[in-house]
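Note sheet for the following structure.
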Amino acid sequence: MTVVIGLTGGIASGKSTVSQMFRELSIPVIDADIIAREVVEKGKPAYNKIVEVFGTEVLQEDGELDRPKLGSVVFYNEEKRLQLNKIVHPAVREEMNRQKEMYIKEGMQAVVLDIPLLFESKLTSLVDRVLVVAVKPHTQLERLMKRNNFSEEEATARIQSQMPLEEKVKNADEVINNDGTIMGTKTQLQAILKKWNIID
């Protein structure tokens, strides 16, 4: 039986580090962010719907989607954000499911669905186990400011636009505390995978 793991965390909690560790263990990772980019490529059904709803002003000169522009349109407009999610989420879910089924057919021991908004998008039904990568609030703030060159205000706004990390931790099957070293994180991950009988 393939164990389907949902990997999530808060913004800048170090989820991609853990995602990379899974890959190093030869466990396939299906990345929701990459799929979300692919499903809105020029000419795809979701792309056509976005242009229909938001108009050509969210396009670059070459006709591809101008993601930052679309992002700023929906960031401050709840109604438009919901409209966009209604187009993109089903397309992403469908593609993730397709890839997941492919790995299950291949008889993989485990497959990871790397979904930043696993809880917010109500996608927990796609996975068997939820693994949350967590950090302390001040670590999260510092990392986000450094990584995205955000002011404290901008970083706080981004963090607050997501479900609180402690809420995710409460709903997780297992939690990796990513405040320490890379080695410490790896040790925690290996212990969890042993517990789930995925690695020896």
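Including glycine, each Cβ sits where the backbone N, Cα and C put it.
Feature annotations, reproduced from Swiss-Prot:
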type    : residues                                 : note
DOMAIN  : 4-200                                    : domain 'DPCK'
BINDING : ALA12, SER13, GLY14, LYS15, SER16, THR17 : ATP binding site
### Message
Need one number: mean pLDDT over the domain 'DPCK' (4-200).
### Response
95
### Query
What same-chain residues, at least 6 away in sequence, bring their CB to under 8 Å of the CB of GLY14 (ATP binding site)?
VAL133, VAL135, ARG143, ASN178, THR185
### Summary
Around the recorded ATP site (ALA12, SER13, GLY14, LYS15, SER16, THR17), other residues with Cβ within 8 Å of the Cβ centre, ordered by sequence, are GLY9, VAL18, VAL133, VAL135, ARG143, ASN178
### Query
Pick from SER13, SER16, THR17: which of these binding-site residues has the biggest number of other Cβ atoms within 10 Å of its Cβ?
SER13
### Query
Once the chains shown are all counted, how many other Cβ atoms turn up within 10 Å of the Cβ of LYS15 (ATP binding site)?
22
### Nonlocal neighbours by CB distance (under 8 Å) for ALA12 (ATP binding site), same chain, sequence gap 6 or more
VAL135, GLN140, ARG143, LEU144, ARG147
